[in-house]
Amino acid sequence: MTIMVAFVQVVSGLQRVFGPTYSWVEDWSWVPTAFSWTNVDPTGLPAVTGCIVNNNHASRLLMATLLPFLLLALLAIMYAATRLCFAKSRSSRVRLASTSSYLVAMLLFLVFPSVNTTIVQTFVCDTFEDGSRALRFDYATNCDERGWTYAYAVLMACVYVIGPIVAFIVLIRQSDKPEFRGAAFLHELYERPSDVRAGVLRPQRFYEVFELLRKYALTSLVLLVADGTLAQVAFALCVTFFATLMQASVRPYVEGLDNVLATVVHVQLFLLLSGLIISTVVQDIFALKACIVAMLCVSLPLAIVIIYKRLREGQQQSLQDIDEAVRGEKQEGGMMLRGRESSERPGEDDEESGGKAGFSYVIRNESRTAFFAEKRRGSLQGSYEEEDDIAVPVAGAALVDDPHALSFDQANVVRMTPTDLDEDTSVVTESAKVVDAKTSSLTLQ
């Protein structure tokens, strides 16, 4: 999904960059509007609030740069209030921290291209015959009278280029910790499960940082290179060509289909930029536009196939086979067992466990701690919900009876948590059936 979002972000940015120079590209102004959700572009707010705020470049610059800070401040306040008032247990605090890290990473991922484009627009001027200069994207602003706007744009250029890059590096490095699990989407497509288990830190894990730089070059930096000339298109072509070579040689994604989709997307951008050069000599612009539109749609069915495949794999996620050495080990009077490699009965009975097989769920090689079960009148029914953001590795799960149950008529509640937290214990079960990727039904007679 991040591949297609980045693709739309770059195409929207190229429309803003080359629209004023190429009229047929200007006709595609609906693209940034239709896919504005991929950029979280706040620069349109001054136009909506024109009766309160002037709709000029200075207002758009302030709105674009300050709104992300306001959103981050709001997230910080909500995090502090929720942690203080509601997150009483360790698991809830871990879940809250993980969700917060996801929201911060996603916000930076979405605002990075549009905010930097608005900042760089401050430095792009057009010179007229009388020698006067005005901002290309706001002719009402004299380039020689920008005052504080110029200095502010320089400061924000440093903040919004260096800041997200440093934040991504930190989040990617720390995302193995439960508190930062939410930011794992920044690198999970580039990392093999075996590397995670072995603690290997592959350079491909930080490939999203390279993607940030690529998007910055194609949507912002290109504005400063020979604006309005073929040299500007040539610069964008060189960046895209280098990115295509990098993608084809490094193949950073674990899944082959992801690498194919990323390569197709880079080739599409290269052909789109080539179309800008061809348009200066071609006579039938309509035919050229039709060819480019058809070419840009090539990646869509491939992306749909990949998403469908991901959903199918998620529904059929199997449990990790556990080493036989843990079988038969005693802990707090119970037998320590885990689920087998099965997508249907991970807690299947066997002779070794005396007919009572207990298990901790292991999905993507890590045990999940979110487990709830309720026992009434001798039968146990409950559900397990997968929560990636609070995943904590577990050495083993103890199988014990709930000491607080007075009779079968009363609810007997047990929970599964990591054994090193000394909170609750796992439940004794005889059978379980995976319903989907997030829920497992189980029954104990």
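Backbone N, Cα and C atoms are what each Cβ position is placed from, and that goes for glycine too.
The feature compositional bias 'Basic and acidic residues' is assigned by TrEMBL to 330-346.
The annotation region 'Disordered' is assigned in TrEMBL to 330-358.
The transmembrane segment annotation in TrEMBL covers 61-81 (among others).
Residues or ranges marked as transmembrane segment in TrEMBL: 102-124 (among others). A Cβ distance under 8 Å defines the sequence-distant neighbours of the transmembrane segment (102-124), meaning residues of its chain 6+ beyond its ends; these are 2, 5, 9-10, 12-13, 16-17, 37-43, 57, 60-61, 64-65, 68, 71-72, 75, 135-137, 146, 149-150, 153, 156-157, 160-161, 163-164, 167-168, 171, 182-183, 185-186, 212, 215-216, 219-221, 223-224, 227, 389.
Residues or ranges marked as transmembrane segment in TrEMBL: 150-172 (among others).
Same-chain neighbours of the transmembrane segment (221-248): 14, 17-18, 20-21, 117, 120-121, 123-124, 136, 210, 214, 259, 262-263, 266-267, 269-270, 273-274, 276-277, 280, counting only residues six or more beyond its ends whose CB sits under 8 Å from a CB of the stretch. Residues or ranges marked as transmembrane segment by TrEMBL: 221-248 (among others).
Sequence annotations record features per position, and here TrEMBL assigns transmembrane segment to 260-279 (among others).
If you look up TrEMBL, you'll see 286-308 (among others) marked as transmembrane segment. Beyond the transmembrane segment (286-308), the same-chain residues lying 6 or more positions past its ends with a Cβ under 8 Å from any Cβ of the stretch are 1, 3-4, 7, 11, 24, 27, 255, 257-258, 260-261, 264-265, 268, 271-272, 275, 278-279.
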